[in-house]
C-alpha cells in the first residue's frame, strides 16, 4: 500500500473567481472530488494540503468523503510545492505507509489506470509528459531512463530546449528519501518558494536513482484557467459519452449532448441532439428528444421532448411528455402531456391526458402546494389547477376551466362563463359602417 498527498493550497488566481479553484466543476462535480476518488481507489491513507479558503474546501469535502486527513500549509514560512508537505521543523508530514504518491488537486482527469506506470515503480520516481510543443515548461534531461536533471526553460540552453520531456507534476517517493532531503530544501530562488523539483535535484546530486515514468498527456492536464477548465470538461464529456455508448445508448450528434457524472443508463436509451442530463439522473428504456433538459430526475419507459424540461425530483414512468412541457417534483405514471404545460408539485395517475396549456398553480406567493390527479382523467386545454387540490379518477375537465376545489371521481367539471355573441359587435366596437 501507499499514502497519497494531494496539493490543494493554491489561490487559483488565473481562474478569476471567488470560488476556490478546486471546487470549480467538471461535468457537475468539483474537480477536487475526481482526484479524491482516484486517491481512495489506490490508498487507505489520503492527505489533503489546504490553505486558501480551506474551511470552504474542507466543508465541501466532508459532505462527500470520509477519512480524508487535512493539513494546513504554512505558506508564510514554507511556500511552494515542497513547502506543502513540510511540518514546522521541515520534516515531511506523517503518513501511514512508506511509499508516498504526491498529486495536484487541479488534475481532475487522472485515473487509476493512468497512474499505473508510476505505481509500479519501486524507486523514487517522477511522472513525465512528452509534449510536441513544450514551450513554457521546464525540461527533464534523461540518461538511461533515469532523471539526470531538471532545467527551467529560462535556464535551458538551445539543446535542452529541444527536449520534449516535461514534468507532469506527480511524484512517487519513499518516505526515507523525503526525510533525508526535505529538510535540506531551500527557497533561494526568484519566487522564494520550496520546490519538489529541487528535492529531486538534491537526490540526483547524491546519486539517488530517480525513475522517469512517461504518462498519458490527456490524463494529466492541469486546470489553472477557465479555458483549461473547459478543455478538461470536454475530455471528461468524451469519456462519459463513450461509457454511455458502450452500454448501448444511442446518441445522435454526440458532441452536442451534455451529461454529468451522476447520470446512469439502463436498458435501451436514445438521446437526440442537444440533450442535457444534469445531476443524478436515471434514464431507463427512454427516448429523450432534441434539446430537452433533464435535471436530477428519473425517466423510465417514457419519451420526453423535444424541448421539454424535467426539473429536479421529476419521476416520469410509462409516459409521454412532449414539446415545451416543464415538470418539477412531479410523479407521472402512464400520463400523456403533449405540449405547452407546467406540471409542478403533482402526482398524476395512469391513462390521464393533460391538454395543451394546462398549468398546476402550485405557488400562492408564500408556499408551494400539491396537486393530486387520479387515473383516467381528461384535462382540457388551457385549464388551471389551483393547488392544493385533489382530482379523483375518471374525471373530465372542460377546456379553459379553472379548478379551485376538489373534484370527486366520475365528475365533469366546467367553470367557464357562458359565451356571448353580440350581433354587429365588431362594427360597433371599431365604429365601422
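From the backbone N, Cα and C atoms, a Cβ is placed for every residue, glycine too.
According to Swiss-Prot, the feature active site, proton acceptor maps to 339. For residue 339 (active site, proton acceptor), the same-chain residues lying six or more positions away in sequence with a CB closer than 8 A to its CB are 322, 323, 324, 325, 356.
According to Swiss-Prot, the UDP-N-acetyl-alpha-D-glucosamine binding site annotation covers 7-10, 21, 80-81, 138, 152, 167, 224, 311, 328, 342, 353. Under the three-state DSSP scheme, residue 328 (UDP-N-acetyl-alpha-D-glucosamine binding site) falls in the strand class. Neighbours of residue 328 (UDP-N-acetyl-alpha-D-glucosamine binding site), defined as other CB atoms within 10 A of its CB across all chains, total 20.
Cβ neighbours within 10 Å of residue 106 (Mg(2+) binding site), excluding its own Cβ and spanning all shown chains: 25. The Mg(2+) binding site annotation in Swiss-Prot covers 106, 224 and rests on sequence analysis.
Within 10 Å of the C-beta atom of residue 399 (acetyl-CoA binding site) sit 15 other C-beta atoms, taking all shown protein chains into account. Under the DSSP three-state reduction, residue 399 (acetyl-CoA binding site) is assigned to coil, being neither helix nor strand. Summarising the annotation, Swiss-Prot assigns acetyl-CoA binding site to 356, 362, 363, 381, 399, 416 and lists sequence analysis as the type of evidence.
Annotation comment: Swiss-Prot describes 1-226 as region 'Pyrophosphorylase'.
The region 'Linker' annotation in Swiss-Prot covers 227-247. This prediction places the mean pLDDT of the region 'Linker' (227-247) at 98.
If you look up Swiss-Prot, you'll see 248-433 marked as region 'N-acetyltransferase', on the strength of sequence analysis.
For the binding site of acetyl-CoA, formed by 356, 362, 363, 381, 399, 416 according to the record, the largest Cα to Cα distance is 23 Å, rounded to a whole number. Sorting each residue of the region 'Linker' (227-247) by its DSSP state yields 20 helix, 0 strand, 1 coil. The shortest Cα-Cα distance between residue 416 (acetyl-CoA binding site) and any of the binding-site residues 81, 106, 152, 224, 353 is the one to 353. Residue pair residue 399 (acetyl-CoA binding site) / residue 328 (UDP-N-acetyl-alpha-D-glucosamine binding site) shows a Cα separation of 23 Å. The secondary structure of residue 81 (UDP-N-acetyl-alpha-D-glucosamine binding site), as reduced to three states from DSSP, is helical. Within 10 Å of the Cα of residue 224 (UDP-N-acetyl-alpha-D-glucosamine binding site), the following binding-site residues from the list 106, 362, 363 place their own Cα: 106.
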